[in-house]
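These come from TrEMBL:
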- 6-133: domain 'tRNAHis guanylyltransferase catalytic' (DOMAIN)
- 140-226: domain 'Thg1 C-terminal' (DOMAIN)
- 278-406: domain 'tRNAHis guanylyltransferase catalytic' (DOMAIN)
- 410-515: domain 'Thg1 C-terminal' (DOMAIN)
């Protein structure tokens with residue numbers, strides 16, 4: 001396919017490879033899950049179904065991505081550890097973390113009714129990924145796991161005390177004041193005594209699920225693969241994910257008694273001494289995006305060729321699938337005010353953040369993961385709205401990346417590049433699928449189109465199929481632009497005085513964003529008048 005003059009914008013993309021021999025850990029957390037748990041009436045201090053839903057998602061992630069050999073989680077947090085030899089997506093940090101957080105989110109929404117059959121999901125849950133942890137050695141991994149499990153204990157003990165104090169009549173601020181003292185050292189014992197003496201609760205007898213957190217890793221188990229002609233089961237050893245609750249996941253005894261962990265990650269030579277969180281934090285692979293630059297988060301569907309085939313999307317374009325993508329993009333702009341414009345085509349969307357944004361302090365991992373996660377969540381939740389007669393056969397996922405562009409001219413060139421790409425790809429796909437539907441094999445259609453130019457493809461469509469390409473739906477040819485416009489004036493009261501205020505609304509349009517006229521008509525998108533060359 002032909003290249004465009006806008007291809008140069010690809011040079012602004014930076015590779016964020018995590019180099020061997022560093023081990024890779026992805027840690028994800030629920031975004032604003034305190035509010036999420038309140039809205040959905042989770043039990044306090046722990047909701048067993050909510051924790052089991054998290055564990056079920058972690059199992060699904062482990063089974064989907066074989067390079068993940070160990071994970072640990074509690075509450076609304078999960079950490080995923082990749083095998084040391086992993087080449088998963090060539091070890092690119094943004095690709096790895098966005099895929100994991102996207103798939104986890106997708107499974108969470110998909111499985112919600114399995115764990116909460118009587119509760120509707122009232123709004124889209126989302127997660128964000130902390131910076132990738134680059135473990136320079138097995139000792140750093142051990143220290144990291146000890147840190148997270150210790151955090152699980154501290155938080156759960158505190159929340160258990162807080163919950164019991166509130167239940168016995170204290171208001172929450174009073175309960176916090178009682179528990180205000182530091183949570184280290186002898187204070188742990190004092191909290192155990194508080195629970196036992198005031199409420200008759202032996203903390204060590206509370207469910208391990210809450211006190212210790214959950215580990216997920218694969219072990220070999222006998223599984224029935226088929227039945228012979230006599231009806232007898234035929235069994236094979238298969239690796240299956242299991243959930244374990246262990247007292248000390250960073251202890252050498254626990255770790256070294258599981259050969260699969262030692263083989264893929266290494267063995268622990270001795271037990272961890274004093275936990276030093278600052279030591280572990282020093283291995284965070286954190287990328288802050290350059291200040292005073294436009295940030296683009298581009299997301300792409302993961303293996304959407306297969307997804308579209310399984311779900312029988314129309315070829316070459318499925319209007320409902322594109323409208324679903326557009327609806328998700330609208331939701332993203334409504335959720336995140338720092339996004340000023342987005343452009344989408346097929347299974348791809350680009351989100352442009354204001355150049356002065358301090359969204360998540362411009363941390364790439366947080367920005368990418370939150371946008372990808374929220375988009376994925378909306379995609380699953382809105383599926384039935386656009387495909388009422390089709391079941392979602394498996395959880396979809398997206399990957400994402402962040403790129404900085406220094407000027408409004410270059411950001412416009414970036415968007416022009418994506419729209420040119422939309423035209424090139426759509427014209428090719430229209431020709432390709434018309435040939436296939438007329439009897440050509442896929443390889444024959446590819447051969448037929450090899451080396452053809454725009455004019456030749458237009459002639460092919462007219463002469464062979466009676467299709468005028470320029471009269472096909474504009475959404476297919478030019479993609480979709482999503483941005484805010486001033487909608488209406490409303491009367492609001494400030495200090496008992498009426499005041500007119502403008503309300504914005506997010507719209508979807510299908511138009512030419514390559515021409516300067518679009519940007520002259522909508523100067524507020526880039527917060528400046530475009531310069532005319």
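From the backbone N, Cα and C atoms, a Cβ is placed for every residue, glycine too.
Note that this is a predicted model, so its numbers are computed, not measured.
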Secondary structure tally of the domain 'tRNAHis guanylyltransferase catalytic' (278-406) (DSSP, helix then strand then coil): 55 helix, 33 strand, 41 coil
Averaged pLDDT score, the domain 'tRNAHis guanylyltransferase catalytic' (6-133): 94
For the domain 'Thg1 C-terminal' (140-226), residues assigned helix / strand / coil by DSSP: 55 helix, 13 strand, 19 coil
DSSP-derived helix, strand and coil totals, residue by residue, for the domain 'Thg1 C-terminal' (410-515): 56 helix, 28 strand, 22 coil
